[in-house]
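Notes follow once the structure below has been shown.
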Amino acid sequence: MTVALRHRPAPHAGLLSRPDGSSDPSFATTSRSRPCLVEEVEATPKLGSHLTQTMLGHDDASVRSASARTTAAQPQPHRPARAPTQTRIRSNTYIYISRSDLIDRVPGEHSSYRVLIIGKNIYKMVIVWLLLCLTASLAGASAGDAGGGSRGRQVYVVYMGAVPPRSSPNLLLESHLRLVSTVLKRSECDVNVISITFVRGQKADSVVVRQYKHGFSGFAARLTDDEAAALRRKPGVVSVFADPVYQLHTTRSWDFLQQAAVKVDAAARRSGAHNNKASDDPSSDTIIGLLDSGIWPESPSFNDAGFGPVPSHWKGTCMTGDNFNSSNCNKKLIGARYYDMSGVRGPSESGGGSPRDDVGHGTHTSSTAAGNAVSGASYYGLAAGTAKGGSSASRVAMYRVCSEEGCAGSAILAGFDDAVADGVDVLSVSLGASPYFRPDFADDPIAIGSFHAVARGVTVVCSAGNSGPAAATVVNAAPWILTVAATTIDRDFESDVVLGGNNSAVKPGTLESSKVQGKIVLCNHTEGDTSKLVKADELKSAGAVGAIFVNDVENAVATAYLDFPVTEVTSSATMAINKYIASTSQPVATITATATVTEYKPAPVVAYFSSRGPSAQAGNVLKPDVAAPGVNILASWIPTTSLPAGQAVASQFKLVSGTSMACPHVAGAAATVKAWNPTWSPAAIRSAIMTTATQLNNDHAPMTTDSGSPATPYDYGAGQVHPGGALDPGLVYDAGEEDYLQFLCNYGYNVSKIRLIANATVPGGFTCAANATASLISDLNYPSIAVSGVLGGKAGRTVTRAVTNVGAQAEATYTVAVSAPAGLDVKVTPSKLEFTGSVKTLAFKVTFSHRSDAAAKKQGALWGSITWSDGKHLVRSPFVVTS
């Protein structure tokens, strides 16, 4: 673009004119210089660029009017006609140049320039300053768009609560854009005697990266810190927070879960007599959605042979992406979406432009929840058997919200929003925030998304986190979420160390592979050390032929070392190895090939990595809720090029550990319960799973942690999930949206904020109690009880619960049994509940009291249980009492 400037004397000495023709004292000049104004700017467009005569806040007519007034006041000499593409803009007007015309790669933005010149013969300087200003501004814009900083832009999530009544997605989209446009600002570039104002305008739709319009209202946008702060003050906005990055919480397990002895009635027995044809199973109408890293559709776990038509309530889609198209979906894998993170976080090494899984995690969790039964499955011969999902007849819908770099909060919310609209019945979410980054519920994408999903009847199951065994590390602890801890199963992998003289030193270990010159290296290892795989690689590179890791914490979790022999032993077993090494000048040992051991005892035990309670956010809700297998779980995996020695074909399955693996076990169980009880609420489904959980291991002894200490409700919640028992719980603790709104009152939210969160679903007379306080959270109708302020206190504490009879017998009488530690008095009133055909729900009170002394306070927490029984069902609720 070429620009030519002509000059004329200023109409008012010492003053410059505003665009409306009035004088502007702010541009006064001194008498030492004779002022001149730009008379006109002639621009010749290049490469399709053009100039417009549109003023900010004015229409074209007002610009023409202003130009006409200036022309009338100052008659102009005759000039030859110019080409139609050239534009003449009179003095004291704004020139707007579309950045989308100047820079084709940045659509939707525009820039404006106000050029006011004072002084003589300086028009050349205008061009120089203009170019400098433009260059600096574009550079700043580029840096700002790339991310953080108070002056730059980063992605913020703007949460606006439930979808307003009588609103359509299109209306929501328009309202979001209007809201954003109210906070977008100008940035100026000023130069002393040359005043050049560079206005970097932003169109609302150029900064908004995602919008939420189905299950809840809101959007994600690139904003400055100031713009985000301004939005927080806008009416209708619940919260505004920087887009967080969460992390993934990375067969025989189902056979093991079914071994526990629980009495069930005919409805439960029917579940074991299903026809093998998937289309005849009621679970075939249930849809399990997963927010994860994608899916590998070619896995045999997702073959649709034997499946009938897609459930009629499914409204989702199968998105086309890199190496993925609609034909990759079928009657088993009925939907797949992805949320490209490149526009939010920048280019990803793992792509992300497809529902296809290139991490493996999402394929593993989805096959654990709902994978077909695949016979002959193993990990290179280990854990051989039939791999199957918990609800193998259910359909699968994948929402790819994660990549190798993590899971963007804005994408997580989009996954929740779409899943609700698509019609999923259960959501499995094996990811979460760090326990050391504890966002408020209104700033947590998982808490927000799950709240609105549950309000729409979707059961949401989440992993508890992998930050154990430290206390108070559990995440995903909102009371509307079913939170899952991880335990072991009765399968182990042994790789023995045979010392000279064929003496077997110890048995437990991991798999095989790495750690120096021609020797087997004995190496201490603790949880906080460098990764065992890294150590093994270093030892292999140094010439070692094998390694023995001394590991007291992680030895239950199998590690695939592939082509370098490694085993793991406890510190007590190391004594025998060290004694042998000291006894000979030429110690010799052999690391045997890994073998699979079944019916291993004791099992289950709580995994060391499983995050523990109490919840740091709401200690009066007991979390986690239940535990499920999460150690050495065999499930489908993506193809890999890393193969063990002697293997030519990659395994289609892999052994993986984490609460990520425990979560889909419970999601599968929830889908089965939902299939047999389609009218049950998410709270009723959670209650059925919790109150039928078991607390004994396969030695018929109380469960322990993997360190051998007794397990507590802070470790496993109500206990180990038992899918068969959950089909016939007898009684359920139900809860609805209003119960959770009262929880938010007691948590500390005011009525105005709560009304925004729930919108039209809030009952007309809803209000927070005048005495709302955190201690009243204990009265939430939850299947477990957590009470504070009792130990060492002067007064007891009473909480209320209500149960609903869902058993086959309408007339039933339940009596209560209390298990409490010495010194803690627990009284249940009434002690008998009598249900009839017309009375299906009954309430009871539980009073806790404890002696008041210093020793009691030091105990920290006491736990026990309350169990209702009609002689057929056992409805157990754990409790925890603290000071």
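In case you wondered, yes, glycine gets a Cβ from its N, Cα and C as well.
A TrEMBL annotation is a machine prediction, not a hand-curated record.
Computed from a predicted structure; not experimentally measured.
According to TrEMBL, the feature active site, charge relay system maps to Asp292 (among others).
Sequence annotations record features per position, and here TrEMBL assigns active site, charge relay system to His361 (among others). Its Cβ taken as reference, His361 (active site, charge relay system) is surrounded by 25 other Cβ atoms within 10 Å in the chains shown.
The active site, charge relay system feature in TrEMBL is assigned to Ser660 (among others). Remark: Ser660 (active site, charge relay system) has Leu248, His249, Thr250, His361, His364, Thr365, Ser430, Leu431, Ser463, Asn466, Gly630 as non-local neighbours, by Cβ distance under 8 Å and separation of at least 6 in sequence.
Positions annotated as compositional bias 'Basic residues' by TrEMBL: 1-10.
Look at TrEMBL and you will find 23-33 tagged as compositional bias 'Polar residues'.
Summarising the annotation, TrEMBL assigns compositional bias 'Low complexity' to 64-84.
Taken together, the residues of the domain 'Inhibitor I9' (155-249) have an average pLDDT of 84. Annotated domain 'Inhibitor I9' per TrEMBL: 155-249, in sequence order.
According to TrEMBL, the domain 'Peptidase S8/S53' annotation covers 284-719.
Taken from TrEMBL, the feature domain 'PA' applies to 497-566.
Per TrEMBL, the feature domain 'Subtilisin-like protease fibronectin type-III' maps to 779-881.
Sequence annotations record features per position, and here TrEMBL assigns region 'Disordered' to 1-34 (among others).
Feature annotation from TrEMBL assigns region 'Disordered' to 62-84 (among others).
According to TrEMBL, the feature region 'Disordered' maps to 345-369 (among others).
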Taking the Cβ of Asp292 (active site, charge relay system) as reference, which residues of that chain separated by at least 6 in sequence fall under 8 Å from it?
Leu248, Asp357, His361, Gly362, Thr365, Ser366, Met398, Tyr399, Arg400, Val401, Cys402, Ser428, Val429, Ser430, Leu431
In the domain 'Subtilisin-like protease fibronectin type-III' (779-881), how many residues does DSSP assign to helix, to strand and to coil?
6 helix, 57 strand, 40 coil
